[in-house]
């Protein structure tokens, strides 16, 4: 159910009761969804519209949030060269860790070999089961992806909710505002004033998060069943463990080097993580993540550039999944890939993960795009993991979210746009207790 406004409900110490916290409500909704989907699968399978409706509500507000954050952030920059530096450093970070994620997935697949011993005849696989994904994969290309960043019309970019197109226009508009100087002050003031109702709307929409998480989880368990995990438990377990180690070890080392704790960051964004877990959509947490990163001391200009771009270029979880799943299919079908074949797979995955970014079902479609170029592994082999992809998509989205949170703090620190004292307070829990739910307009 929709969370009530608990602001007025507090105990004698002035603290809110535990059940008033969004993460508690979402966690309870996820548990309820699992139980309903398991014991009443037919009813659970019919609750998909609840999750879809919530995700659509959030997507409705993503474009205004990105526009206001980026445009006002860049307009307030005294040095426009910073825009290029921030973007360049962000892309360097994305390329480094996205490639590392691909390599880690490949190494783990070779060591654990989750598909070994299955001995599946490739000729027995039904290619029609993945035909839709394969056709979408063939439609993607690097050139097409890059040209598609430029919107045909401004209205079209906002109407379609295309994150990169909205970001592209917002950056140009913010630069134009900064260049006109005093003439643009009234526009900047108007946009800053407009942030209040828009970001208050974000807080209101988040009240519906438990409903969305409940419906999405009930549908997932009701339609696919917990039992469907058992047959491919080795692959699922390997992927979840690899992603967990990537977050705690790799991103943990990056966090430690940059002066903060990955565990403290995970606690800080726990509401966004649970939201992603319940809905299997990282986009559902985008407004909240931008909110949290700005409250954690990252300048708005950095937050507005890094996070939306990272949602297309910094997909650590998706990249781990791509190489791990590709080698699983090869192992399950008895195909022995040489190191040359695997290096080719890695290079193709580096490109296809960018060409298919930002599209619906990106993880599975990107895998199809990669396998269609690598002749050694049959695309039809994707039918083996089609039934469990929904369970793996949650882990992909969670890892992607954490990766973008870490990237934002790191890039902000590189650019000296990070308030380290504010970051320490936020990760220590002080900012979370005092700050409202919506992203705060610039002062």
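From the backbone N, Cα and C atoms, a Cβ is placed for every residue, glycine too.
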Which listed span Swiss-Prot calls transmembrane segment, if the choices are 299-319, 320-340, 341-361: 320-340
The transmembrane segment (201-221) vs the transmembrane segment (17-37): 3 or more CB pairs under 8 Å: yes
Most Cβ pairs under 8 Å with the transmembrane segment (161-181), selected from 17-37, 57-77, 234-254, 320-340, 368-388: 57-77
